[in-house]
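Trainee: Take this structure first; my questions come after.
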Amino acid sequence: MQKIHRPLVEGVIQNLMAIFNQNQKADKVVELSLKDNKKWGARDRRFVAENTYEVIRWWRLLKFCSETDQRVIKEEALFWEMLGTWFVLSGLDLPEWEEFAALKAEEILAKKEEAVKIRKIRESIPDWIDDLGQAEVEDWEKELAALNEPTNVYLRVNTLVANKKELLASLIKEGVELEVVEGVPTALRLLKRRNLKALKPYNKGHFEIQDAGSQLISSYLEVSPGMKVIDACAGAGGKSLHLATLMQNKGDLIAMDIKAPKLQELEKRAFRNKINIIRTELVKTDNIKKRAKSADRVLLDVPCSGLGVLKRNPDAKWKLKEDFLEEIKEVQESILRNYSEMTKVGGKLVYATCSMLKSENEDQVARFLANSPDFELEKETRISPAQTGFDGFYMALIKRVS
């Protein structure tokens with residue numbers, strides 16, 4: 001039986017308080033806590049990271065099983081009881097600590113039997129998101145279960161400077177457990193958690209950390225060396241870097257975003273990846289207009305609800321609000337309408353999201369095409385978490401015909 005060490009439990013509690021009380025993002029909080037506690041060994045780091053994510057993921061189920069919503073409870077005590085309930089459901093014996101005194105394992109397990117009959121509680125999802133998923137997502141129950149699986153970590157081989165077979169062999173030699181991913185030529189799946197950013201091949205730019213489904217989006221754009229390509233919602237540039245490798249570092253790649261710090265991060269990553277064709281540019285109305293009909297390819301990886309990446313960002317389901325979703329749909333429509341103008345006649349664009357909602361995906365594309373006779377749909381694809389184990393994505397390839 002795994003022993004529960006108090007300093008590690010306190011680390012998880014601190015993470016949960018930062019995520020729920022201070023509205024910080026889970027991935028950033030966990031990364032910082034591991035960075036700040038260098039004395040933790042690999043097993044300790046895994047304990048803190050995994051238990052932080054699992055409590056967030058199963059928050060509604062844990063509240064139901066612990067009946068904390070039926071009692072008056074102080075804020076920090078709530079986090080202790082949520083974590084204690086998770087330990088019970090995971091088959092661990094609770095330490096005889098004061099913070100866990102109110103928890104009765106038999107009662108928690110009895111409530112779990114009730115919970116399995118109610119999907120919204122069993123799958124730990126807010127009512128309104130569950131209702132939306134039922135209305136808009138095919139096989140929602142299967143997809144929801146898949147989104148509650150712990151996330152896989154994928155590497156993308158930087159084919160400019162590394163050979164996939166040789167990289168795989170060298171990483172395995174360093175004790176990194178990996179496997180190839182069928183259907184995604186540049187992807188490797190991590191089988192056991194490791195601090196990948198501490199490895200020499202990472203710091204030499206031989207690989208990036210990027211979901212396998214995300215890697216398929218850049219390939220969908222059908223770029224080739226020498227093209228002029230615009231990544232118009234680049235963020236920190238994971239897809240920009242991949243596009244540059246697909247272009248063999250030849251041509252012109254403009255990475256645009258509304259946030260300067262993200263573009264600065266992209267510039268650092270490009271340097272590490274030995275890529276020199278990327279130019280970064282802050283989005284302004286003027287530079288969208290001046291690039292009208294100029295690009296062979298345009299990538300629009302638009303802001304979205306993020307419901308396709310809940311296994312990676314489980315805190316999003318508790319922070320997402322209905323009014324934000326409506327606002328983001330308006331932003332998507334505006335980006336597709338305005339940024340598509342940068343595509344030259346004969347050129348192509350990809351509209352992509354990490355959402356599974358039809359209203360953010362097929363409906364947006366259908367509306368755009370109905371109002372834009374200069375464009376036609378070539379193909380569209382959904383990446384299903386239930387079928388692939390990847391994050392959930394949608395992508396549409398659209399050609400400008402006149």
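Even glycines carry a Cβ here, placed using N, Cα and C.
Marked as domain 'SAM-dependent MTase RsmB/NOP-type' by TrEMBL: 143-402. Under the heading S-adenosyl-L-methionine binding site, TrEMBL lists ASP257, ASP301. For CYS354, the entry in TrEMBL reads active site, nucleophile.
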Trainee: For ASP257 (S-adenosyl-L-methionine binding site), list the number of other Cβ atoms lying within 10 Å of its Cβ atom.
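Mentor: If we count other Cβ atoms within 10 Å of ASP257 (S-adenosyl-L-methionine binding site), we arrive at 21.
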Trainee: CB neighbours of ASP301 (S-adenosyl-L-methionine binding site) within 10 A?
Mentor: 24
Trainee: Among all protein chains shown, how many Cβ atoms are found within 10 Å of the Cβ of CYS354 (active site, nucleophile), not counting that one?
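Mentor: Taking all protein chains shown, CYS354 (active site, nucleophile) has 26 Cβ neighbours within 10 Å.
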Trainee: Across the domain 'SAM-dependent MTase RsmB/NOP-type' (143-402), what does the pLDDT come to on average, as a whole number?
Mentor: 97
Trainee: Can you grab the distance from ASP301 (S-adenosyl-L-methionine binding site) over to the residue listed as 'active site, nucleophile'? Cα atoms, rounded to a whole Å.
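Mentor: Cα of ASP301 (S-adenosyl-L-methionine binding site) to Cα of the residue listed as 'active site, nucleophile' measures 8 Å after rounding.
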Trainee: Measure from the CA atom of ASP257 (S-adenosyl-L-methionine binding site) to the CA atom of CYS354 (active site, nucleophile) and give the result in Å, rounded to a whole number.
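Mentor: It is 17 Å, counting Cα to Cα.
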